[in-house]
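Taken verbatim from TrEMBL:
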- 17-132: domain 'Acyl-coenzyme A oxidase N-terminal' (DOMAIN)
- THR138, GLY177: FAD binding site (BINDING)
- 279-440: domain 'Acyl-CoA oxidase C-alpha1' (DOMAIN)
- GLU425: active site, proton acceptor (ACT_SITE)
- 480-657: domain 'Acyl-CoA oxidase C-terminal' (DOMAIN)
Amino acid sequence: MEDVDHLAHERSKAQFDVEEMKIVWAGSRHAFEVTDRMSRLVASDPIFRKDNRTLLPRKELFKNTLRKAAHAWKRIIELRLTEEEASKLRFFADEPNFTELHWGMFVPFIKGQGTDEQQKKWLPLAYKMQIIGCYAQTELGHGSNVQGLETTATFDPLTDEFVIHSPTLASSKWWPGGLGKVSTHAVVFARLIITDDRDYGVHGFIVQLRSLDDHLPLPGITVGDIGNKFGSGAYNTMDNGLLRFDNVRIPRDQMLMRISQVTREGKYVQSNVPRQLVYGTMVYVRQTIVADASCALARAVCIATRYSAVRRQFGSQNGGVETQVIDYKTQQNRLFPLLASAYAFRFVGEWLKWLYTDVTQRLQAKDFSTLPEAHACTAGLKSLTTTVTADSIEECRKLCGGHGYLSCSGLPELFAVYIPACTYEGDNVVLLLQVARFLMKTVSQLPSGMKPVGTTAYLGRVEDLMQCHSTVKKAEDWLNPSVVLEVFEARATRLSVACAQNLSKFAKQEEGFLELAADLVEAAVAHCQLIVVSKFIEKLQEDIPGKGVKEQLQTLCYVYALNLLHKHLGDFVATGCITPKQASLANDQLRSLYSQVRPNAVALVDSFNYTDHYLSSILGRYDGNVYPKLYEEAWKDPLNESVVPDGYHEYIRPLLKQQLRNARL
């Protein structure tokens, strides 16, 4: 096969320092060096091969995943990798497996909700992977409504134990990753019941599930895999599980007791550690989900952008070359906002990481003032970014035309792996309703003089924002960050205030929340979009080195904002933030911005610094050598192992012979 860089000409057009942009994307030079080293380490290791994943039967697929996870741990130990390096190695191995829940949920929850003694006992075992943990919260009958969980943990004062029990079929734990076949332990969430039969609500318990000698389930535990899921390989590499308890006894000290405790006498006691610390772990988990959204979106956009530059269709005159698909305005209008969104989500993810650190430090100092805002912020951004990313991966598949439907394009599998993010750690619509409740509370407190903080600070200027109208007179005015920010603040304010006014008409507020749920979701989305736009603009106020780097980011920022304005034009015009004429000028400016992105598009996706191994896409290959590789890949399919297919003599030949006889008649 020819070894030619078909995208070299595209890269030569770049008007910025690509190496510096890679550092901006990574977050720092150190982060870039770590991610670059780990991604290449994985890509060069044949055990991490994944191009055959969609061809493997489930049992073989799962065993292969176990092999990769064990090999990853072996390499982490051999190379004495830091926690940061180990995390990146697992990320670039790019295969959902039991270690995700172990490191991402089991360990953080013990750190967040375990006492010092519990942490000393359990964390060393978890860090060495001498035990493997998962997170068993969701049940067959309850997911988002955590307070509705049915599993019980009843204290027995005679034996100083909790009795964990699944009273109904619906109370079976359902979905936890790693549970089905691997996990030896779980953080199990159950209703705490003490001897007076009083229900103290849902608490966490460390429960051993399997023997550490022969891996068999312990007495009273029924555990297994829930079955095949959407996609071919995709999330079927993960053993999502089901779990039932039949009066399983655990020692009292296996209740996570950092926040609240049960004494030997059976008394429920709140510790002096603030209950609000529980939310710190939730903020941590959701900020990692937002960071992952930017990576998944960037991956899809990288594939679609490179292929759009390789693919040519129509437009040839007198036998000349056809037009690159990326040069069509319809393609740019669909693709470039997704490219801009990847960068926008990256920067809001960076900010969320800072927010988590800030909130954690405040909580430890018993300052809870920013917690409600941080909780609403992470909930809303988790919802917004995962919804947009899932939809955008599918859009990228369509942008690649028919070849995007092939598994080897990488996009169907990426979509199948990613879409659970719209549901886990909070259903996206339910999360937006939580954001809306926070916004309604904030608006209701404005007359009393309470000053909104952080991402809701703009509501403190409610009177001005309810009155302001955009001053845009020409298309270029839309390149003023204060002009853009003001219309997004005004739209968010007016939607929230309108919802609050409509809620006040209901005698019972809960009835209002049910009736106005769709409007409340729209208000929450507007607020979250404002956060992303504002954090992108704040990023641009930093000192960003590298020739042309800041200019490219400015262009992407305005593409992101003005595309949102176009998509939600009804909101902006109906609330009086802008006029139809100003909206038309915004569209004019947006078209101009697409022309500025075009020569830099391939270099902008190169800045993600993804290896071909990680992309796992023939269409998104760095060298753009798509067609020979697609042809080569086709012959690897098991159906092509024989020229005449299995079943020919049983089914095809008799059919053909019958048709031939009929033809002679």
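Backbone N, Cα and C atoms are what each Cβ position is placed from, and that goes for glycine too.
Cα of GLU425 (active site, proton acceptor) to Cα of THR138 (FAD binding site): a span of 10 Å.
According to DSSP, the secondary structure content of the domain 'Acyl-coenzyme A oxidase N-terminal' (17-132) in residues is 89 helix, 0 strand, 27 coil.
Neighbour counts of Cβ atoms within 10 Å were compared across the recorded positions THR138, GLY177, GLU425; the minimum falls on THR138.
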